Amino acid sequence: MRSSGARELVALDRAHVWHPYGPMPGRTDPLVVESASGVRLRLAEPAHGQVELVDGMSSWWSAVHGYNHPVLNEAARGQLERMSHVMFGGLTHEPAVRLATRLVEITPEPLRHVFLCDSGSVSVEVAVKMCLQYWRSMGRPDKRRLLTWRGGYHGDTWQPMSVCDPEGGMHELWAGVLQRQVFADAPPAGHDAPFDPAYADHLRELVARHADELAAVIVEPVVQGAGGMRFHSPDYLRVLREACDEHDVLLVLDEIATGFGRTGRLFAAEHAGVSPDVMCLGKALTGGYLSMAATLCTEGVADGISRGEVPVLAHGPTFMGNPLAAAVACASIDLLLSQDWEQEVKRLETGLREGLAEAAGIDGVRDVRVLGGIGVVQLDRPVDMAAATEAAVREGVWLRPFRDLIYTMPPYVTSDEDLALITRAVRAAAAAA
Ligand code: PMP
């Protein structure tokens, strides 16, 4: 595309297009991406001297295999020629059945039933609906609140917003309108932090105190993502599992960001050896190619719902089970599991640790943390987003800092050289922010 074309696109974008958390029209011009291949985004016109940017974000945790991957392209092409979509009510098809079966195989043992929807937020909506409906069916309709811990993020639609961080979080505006949930303190920071018995008691006490009104506990296991990129010890998941079992509360694990290997285990729940009653997946499910998410539940939850006065889960989006997305998701999972992905994520972890260590010495840096394929630099003040983004782009890297955080979760296929470029860009962004 000629540069005048890119400028015209930006003008039209500013006039008509909403972006995530963006004002309309946008405060800063977005960069126009012309194509993407491997780990690189190709811009329609150079920005700060760069026409290609190494993607340090995997398009928000999703593009784990990079872009324009021949295997995923072939899966999409092959399915496109057969059927891109067909309604899922009363009909079924091979890609959806194959994907659901595969997900049951690879997720923790008792998960057996799969709801294929179209975004992470909707998969959380479905999870909540499953839990509330389960308790209604069990004759306990008062169990309809949720417990979570502060600092979390579960999506932008109505129920997920109610379990996002209530203070200083992205949905503070709606605090008085959303259903009031039960909030525990955020877990003590640090994946390797020593177990804090007082915090475990705090969790147990809250579950016990609210048990009569709690349908479920919902948390992000091991990494709280968009709420603050905090890591915590997996031990607290075990505490929650035990407390939920003791007090008749369901446990929902939101693995939308952490699923498919990002934390070094296929699912973050595996760090704790914990199985949830309900699990949400999204983002890397299709390798970032198409919009699809999934909510899995146990036989017990599905069976409970089917015994209710309304024996169906009343949810059925138009694009449920989309065959194109399901075919690509199957290919993406097979591709991931056909490789030594654990080794690749370990390689990223080592590269991120080495490359980000120096960031600790940058003025205003409060913390540097790495887990699996996730690297985070936290400042002691809000990031100047424009300055930090520009500094990364000058290094040839795409990052999307927010709040007080500059962070990266590169595609698993990122080479050591490109990883070094990314960590240099994170340091430059931190210094400029
Ligand atoms: N849960 C978690 C843990 C997430 O990170 C996100 C997305 N950032 C969501 C839910 C919502 O997913 P989506 O953006 O696909 O609606």
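Glycine too: its Cβ is placed from the backbone N, Cα and C atoms.
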Pyridoxal 5'-phosphate site partner of GLY120, SER121, PRO317, THR318 (as recorded in TrEMBL), chosen from ASP55, ASP185, ASP254:
ASP254
Please compare the binding-site residues SER121, THR318 by how many other CB atoms fall within 10 Å of each one's CB, and tell me which has the fewest.
THR318
If I take the Cα of PRO317 (pyridoxal 5'-phosphate binding site) as reference, which of the binding-site residues TRP60, TYR153, LYS283, ARG400 has the closest Cα?
LYS283
When neighbour density is defined as the number of other C-beta atoms within 10 angstroms of a residue's C-beta, which of the binding-site residues GLY120, GLY316 has the lowest density?
GLY316
Using CB under 6 Å from any atom of ligand 1, narrow the binding-site residues GLY120, SER121, ASP254, PRO317 to the ones that qualify.
GLY120, SER121, ASP254
Give me the CA-CA distance between GLY120 (pyridoxal 5'-phosphate binding site) and LYS283 (substrate binding site), in Å, as a whole number.
7
